[in-house]
Amino acid sequence: MASGSGSSSSTSSSALSGRLPGSRSANPRKARILGLFDAIQDAVGPPKQAAADRRTVEKTWKLMDKVVRLCQNPKLQLKNSPPYILDILPDTYQHLRLILSKYDDNQKLAQLSENEYFKIYIDSLIKKSKRAMRLFKEGKERMYEEQSQERRNLTKLSLIFSHMLAEIKAIFPSGQFQGDNFRITKADAAEFWRKFFGERTIVPWKIFRQCLHEVHQISSGLEAMALKSTIDLTCNDYISVFEFDIFTRLFQPWGSILRNWNFLAVTHPGYMAFLTYDEVKARLQKYSLKPGSYIFRLSCTRLGQWAIGYVTADGNILQTIPHNKPLFQALIDGSREGFYLYPDGRSYNPDLTGLCEPTPHDHIKVTQEQYELYCEMGSTFQLCKICAENDKDVKIEPCGHLMCTSCLTSWQESDGQGCPFCRCEIKGMEPIIVDPFDPRDESRCFSFSDSLCTPMLDFDDDDLREECLIMNRLAALRKMNERQNSPVTSPGSSPLSQRRKTPPEPLQIPHLNLPPVPPRLDLIQKGLARSPCASPTGSPKSSPCMVRKQDKPLPAPPPLLREPPPPPERPPPIPPDSRTCRHLHHADNVPCRDQSTPHEAWCTRDLSGGNPASVCRVTHDGSPKLGVPSSSVLNGRHSRMSTEAGFMRHKHHKRRESPLETLRVYNGLSGNEEYDVPPRLSPPTITIHPIVKCPVLVNSVSDKVRNSAEEDDCEYKIPSSHPVSSRLPLHCHSIKHFPRLCENGQCLSNGTHNGISEIKKLKPPDQGDVIATSTVPIHFPPARTSARENHPHGSSLTRTPSDYDLLVPHPGEESFDISPPSQPPPPPPARTCVTEHVMPTALGSRPNSDVDLFLPHSDPCPEAPLPPARRGPGEVKSNRLSQEYDQLPSCPGKGQEKASNTKGELLLPNQNLIMRPT
């Protein structure tokens, strides 16, 4: 026990001496004696600590109070500059009271008193208080002399008390013990601590030295003693996780930490241990006539950072804290600029360029989910969210937030405290490289691998029997494996490299997962109101262009296995209650269902909607072109090829639907649709006349809204949802056309798919509804208002819209009373006409709507269909929202908006965490 106490006092005295033990000015004989004491202590081990109960803590308070009263003597004339012992000890007292208040009951207090770190801390605090009292007792009048050795020892004790206060606040934040959750700044150093010490908060120096020696070899006992005096900031023969974190930040990087420490702390003449701000100014005062003289020390107010004092050209003495770079890099840069030339006034300035090694940048891989999320906000993951101009290239430690170097430098130069996002203390910075998400490579491989590996396969048996599809998937899997094993890609140990690999070890998880970026509610709300791919600003310049998806050939389209029957000449009359809406078509625009589309006409399709930059359409000549997304009807089947979800049916559930667009149907299928091939039913048919002026009716139930950035300024066709009849004559009207999408000759109209959809009703042109007109001008007399437009709407039909409903009635129609097909009537005369008919009187539950909208004409026309029914107010609003969806203005300047929001966040007043005694 005596030997342990003697060793402790010897170590404390060596730490409080002017230079490091083992340095140039140390006495070799004294070093050998200290080495002998250190060997004895290693053999015996540190003494066991008594339980830190309430009585022991109160005893510590009394000792601290005595030290404060001794330091309040006016003869001392202590300067109120860090470290100011008259502030440090009262703050320590207040924090200990806070800790005891959190452990007030007996059970918690017993747990606190047995806490390993707390016992060692209280014991060390008692020893340091007794040592300060002994200084006053032994120094007597010399304590009042500012240049005496006793006064110098008191200043060093003040530094130790300052380190102990910072440590207890870090281990017991808010009075609660968090030592087992303390985050070490450097990832490699944190891995070392967890590997050897687990969740321990503090370990004896002997154990720490042995474990460190396994990773970084310690050459001699003198080097071990010097290393201990540098790491052990509280001088208690223990190394805490807090002290280890400070040491690794000071002498980074971890891979060469002992070499850096030897160059900077042992052999460098400019290093000063346990020196204060005032002492640096006093030491450099004698070199005021030698500009370029400098010394450096540990910052006592910002532990883990360096403070460099130097003499300027005009003889002033300044002190600075270098940011965003290691100390040796700051000294090299300062030497080149002429600031740091003479360490401690000496002419020899060590060359530190040997410490400069190319530090490998951590690669942060942008995942598909992050890519889609930031695209919805009109941004990219790699873009700095403060300036919205530069890419992120630096990571703040330990919180892990990313930004660009210029924003971080500006923030620190403006006296910003902590991280600009979370206000967490900035303990270090690491350069990083953000690898953007490339839809060409990653998503396609992942989609094929997921489609083969996931147990929830939902492919058609016909598709699985095709060799070409299976071979393409296997080739994509091999390519993905080669890319993951390639040295070009970022290493698996880099942060946020969330690849689809085996889960990382639990020890690496805190450093692999970066915290989320603070949400931008304004951008998220805008992103919900529109699709990222439909907006012209959905893909910024810094994001990978979606057009590149077409560079690589897609797998061959599935062959025609279930071909629907050929269409007859004319559509048979079907009761209107079981009929869906019809559109007008031209033969040169409609691709034949029996015609196979060439391989080049296949185009990728985004999961979240059509992207004008990533989809193609088949024009009148049949050639694929970029532009408005088409329905991609191939062989009577809808194209499901996607670069982001292969042939995976279950991926449809992951799409994000806008709250303003509740009418949207993805790929022509509702959310609960489970089939992929239309049922074999006898569909209504059409007769296509490319030259005839009178367009005929085509059955189409693509009543969904398609997103697009282009609008065709041409005349469109008038949809009709009723069969022809000979009861009313033909009328010709003149209506105003509205620009709207027309894909592959098919006019798109709005519809609902909430399980039960109301029959499409007519809406006046002035309400912004989608009106498709023929390419031939149609003239009508003015329509008069109908008294039946205020009638309640008719019964709705249960139907599920789908792209496969083209020329195919809904499967549910067979369960109702459908009239058998009649003989097709003779073709109508070759002239432009729009027909209508009267509703059957048998359907009393369905009121007639707007039959009087088209006036009788003298020219009779057999079999005229009813016009579409007028929409109700609720449907008018839905369609208006859907139409405005394609015409959303571009997002306002993201840079200004984000900068303003961030600025408003950054200007929060800093809280003063220092508690003063009352």
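First residue shown is number 1, and so on along the chain.
Backbone N, Cα and C define each Cβ position, glycine as well.
Straight from Swiss-Prot, the features:
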REGION    1-27  region 'Disordered'
COMPBIAS  1-18  compositional bias 'Low complexity'
REGION    46-178  region '4H'
REGION    179-251  region 'EF-hand-like'
REGION    252-354  region 'SH2-like'
REGION    355-383  region 'Linker'
ZN_FING   384-423  zinc finger
REGION    481-582  region 'Disordered'
COMPBIAS  483-497  compositional bias 'Polar residues'
COMPBIAS  554-576  compositional bias 'Pro residues'
REGION    780-831  region 'Disordered'
COMPBIAS  821-830  compositional bias 'Pro residues'
REGION    857-918  region 'Disordered'
COMPBIAS  898-918  compositional bias 'Polar residues'
Exercise. Under DSSP, the region 'EF-hand-like' (179-251) has how many residues in helix, strand and coil?
Worked result: 46 helix, 6 strand, 21 coil
Exercise. How do the residues of the zinc finger (384-423) split into helix, strand and coil according to DSSP?
Worked result: 9 helix, 7 strand, 24 coil
Problem set entry | Helix-strand-coil residue split for the region '4H' (46-178), DSSP-based | 99 helix, 0 strand, 34 coil
Seminar exercise, completed: DSSP assigns the residues of the region 'SH2-like' (252-354) as 37 helix, 20 strand, 46 coil
Exercise. For the zinc finger (384-423), what's the model's average pLDDT?
Worked result: 84
